[in-house]
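I have a structure I would like to understand better, so I am pasting it below and will then ask my questions one at a time.
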Ligand SMILES: NC(=O)C1=CN([C@@H]2O[C@H](COP(=O)(O)OP(=O)(O)OC[C@H]3O[C@@H](n4cnc5c(N)ncnc54)[C@H](O)[C@@H]3O)[C@@H](O)[C@H]2O)C=CC1
Ligand SMILES: O=C(O)[C@@H]1CCC=N1
């Protein structure tokens, strides 16, 4: 219990760091029947992670979920769970009150054009849209959504661990977003991990750290496991130990509030095994590579936006 209290206290300290930097924090308070009908335009990995988490936390029942994608085969998993599926995005846009835009950035124009070509497009008004797309700014998105009268948009950047309640999500409201709209997004996303409101200028770098981050960490876990196998461990054991080591190290950073360098030094005995491993990592340029990765992913968000603009 004491350890838990200590963990919480230090987590609050970490979060205060963000608040001091102008980042607003939400606390977890699940509620039911938050929205009547929730929609997903795009039915892929991130839509599933968000929706399955919402269902698990009793925020929505699948009967309240409307989801669309051009490929019926991909929608079957949603149908089996009881969601309302369609290959016509207009069905989701008309029926749902809160609509996640969950397609890849280069498919957004096509997805919205499909709605506008539908004869019932004029029914799509007074909607709250939630964009999880990398790259597109609120200004871009509000431009796209102009035809849907009185629509509001919130830009949200989640990551796939929301599926298991260990996500990081940030969000930023567009013009005319109401307090109720923000409460909806906060309540939906904070059940699945950390959730902050941020200034929009932080979203691309945060996406590069948190939304892309799981992929970097999987790479590291795989490599750590490979190293174990190279040294004679069975794969299953090596992977389990590598993954738990990453969980443990992450929790140490959050719960002890010690600088990472100090935590690293506590593992490195003088002339011992760990410093030999650290030396090998530093020779391989691990720090520079990770920093380069975050820089490259941040820059790529801007490129994604430009690709769309150049092609219209
Ligand atoms: N995967 C991740 O970890 C994260 C993804 N995102 C963002 O979420 C969005 C979705 O990413 P994922 O779920 O990973 O992609 P995904 O490829 O798994 O899912 C996208 C889905 O959109 C569907 N689709 C394609 N064209 C469509 C159209 N015209 N109308 C409706 N649906 C269409 C596809 O069938 C596909 O299933 C992207 O914009 C990405 O930037 C944001 C944070 C994290
Ligand atoms: O790779 C991507 O573009 C998306 C956005 C952040 C994580 N996945």
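Including glycine, each Cβ sits where the backbone N, Cα and C put it.
What TrEMBL records for this protein is below:
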- 41, 42, 43, 44, 45, 46, 69, 102, 103, 104, 105: NADP(+) binding site (BINDING)
- 89: NADPH binding site (BINDING)
- 37-135: domain 'Pyrroline-5-carboxylate reductase catalytic N-terminal' (DOMAIN)
- 200-304: domain 'Pyrroline-5-carboxylate reductase dimerisation' (DOMAIN)
If you skip the near sequence neighbours and keep only those at least six away, which residues in the chain come within under 8 angstroms of residue 43 (NADP(+) binding site), Cβ to Cβ?
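The list for residue 43 (NADP(+) binding site) reads 67, 68, 69, 74, 75, 78, 85, 102, given in order along the sequence.
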What's the most sparsely packed of the binding-site residues 69, 105, counting other C-beta atoms within 10 A?
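With the binding-site residues 69, 105, fewest surrounding Cβ atoms within 10 Å: 105.
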Taking 45, 89 as the binding-site residues to compare, which has the smallest set of other Cβ atoms within 10 Å?
45
Among the binding-site residues listed here (41, 45, 103, 105), which has the Cα closest to the Cα of residue 89 (NADPH binding site)?
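Comparing Cα positions, the candidate nearest residue 89 (NADPH binding site) turns out to be 41.
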Across the listed NADP(+)-binding residues, 41, 42, 43, 44, 45, 46, 69, 102, 103, 104, 105, what is the farthest Cα to Cα distance, given in whole Å?
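Those residues reach a largest Cα separation of 14 Å.
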Please list, in sequence order, the residues in the chain of residue 103 (NADP(+) binding site) that are at least six apart in sequence and whose C-beta is under 8 Å away from its C-beta.
41, 42, 44, 111, 133
Have a look around residue 41 (NADP(+) binding site) and count the other CB atoms within 10 A of its CB, chains all included.
27
Roughly where does the domain 'Pyrroline-5-carboxylate reductase catalytic N-terminal' (37-135) sit in mean pLDDT, to the nearest integer?
96
Let's see if you can do this one: DSSP helix, strand and coil counts over the domain 'Pyrroline-5-carboxylate reductase catalytic N-terminal' (37-135), in that order.
48 helix, 19 strand, 32 coil
